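The transmembrane segment annotation in Swiss-Prot covers 4-24, 70-90, 106-126, 154-174, 177-197, 224-244, 278-298, 316-336 and is backed by sequence analysis.
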Amino acid sequence: MYTLISIIGKYISCLPALLIVAFLTISERKTMASMQRRLGQNIVGYYGLLQAFADALKLLLKEYVAPTQANIILLFLGPIITLIFSLLGYRVIPYGSGLFISDFNLGILYILAVSSLATYGILLAGWSANSKYAFLGSLRSTAQLISYELLLRFYILLVILFTGSLNLTTIIESQKVVYFILPLLPIFLIFFIGCIAETNRAPFDLAEAESELVSGFMTEHSAVIFMIFFFLAQYASIVLICILSSVLFLGGYLNILPLNTYNVCDFNSLFSDYLINGLSSLNLAIKTAFLIFVFIWVRASFPRIRFDQLMSVCWTILLPIIIAYVVLLPCIVIGLNSSILLI
């Protein structure tokens, strides 16, 4: 019983991420409106800041109409599975120095596992709807996720080779001298492309291509189930993948400025722990917000590509490049270490 309560408590601790998702939808709309030279949402609340809550209330109050021949249980279960596994990844993220929900040595492996399991929710939702558009969208999404998850694992393998650890806190602390984005800049660019494809975002949103599949695997979902699928699960995955990118390549909660501002004044006698944790969390938030902005920027700038082009780029261009890096980079590092020892 105690174990069950502990598991439920740790899961509930991930729910504040849903509030971040609400404001992310607002910021995306306002950013895209600015890029397209229009006003965007500005009616509900001050400067339109309550628009996401109004949309959520509208979807909650709508009647849910399920397809006649659909498997109702799996149709409901698919979005819920996707949302649960999208939120579970937040448990192992170090939000600051000593500020985390759970910290264990296989943190990055845990995130890869739960992100892979979210694919089953998409597959269930598409198959159980008894609709050709939803089924084709779920098949596309599954093929796309499997392909680009393979790439992400190779990219993360390089970071593990640099640090020798699967612990996210250790990976962050290993970047005190230099962020990994500098020696691994080409890897980071390809990794970020893989992250966009992993989250089904434009220009890789082929699983829900409106011109081909209506709304893909979400075609037959409406009301609160659509809100779980689109507003919550998808945007929670975007925030999680941006946090993971900042942890792996941008130093996570490490200070953005070259100066160690934590030691500018003596805070040992007054709120030292709270101040340091707050500053470190702010650093992570700024880096994550920048990556989310790049997500939105890419969506507003590039048209959707064809599905065969997406898969071809993955298997014929990006995968050979990353395999070459995985083989050559350790050889270069070992060679440099040997030459230094000889000197």
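Just so it is clear, glycine is given a Cβ too, placed from its N, Cα and C backbone atoms.
Long-range contacts of the transmembrane segment (224-244) within the same chain: residues 17-18, 20-22, 24-25, 52, 55-56, 59-60, 62, 64, 75-76, 79-80, 82-83, 86-87, 89-90, 93, 111, 115, 118, 121, 125, 195, 198-201, 218, 284, 288, 291-292, 295, each at least 6 residues beyond the stretch ends and with a Cβ under 8 Å from a Cβ of the stretch. If one looks beyond the transmembrane segment (154-174) by at least 6 residues along the same chain, the residues whose Cβ comes under 8 Å of a Cβ in the stretch are 92-94, 100, 103-109, 112, 180, 184, 187, 190-191, 194, 247-249, 251-254, 319, 322-323, 325-326, 329-330.
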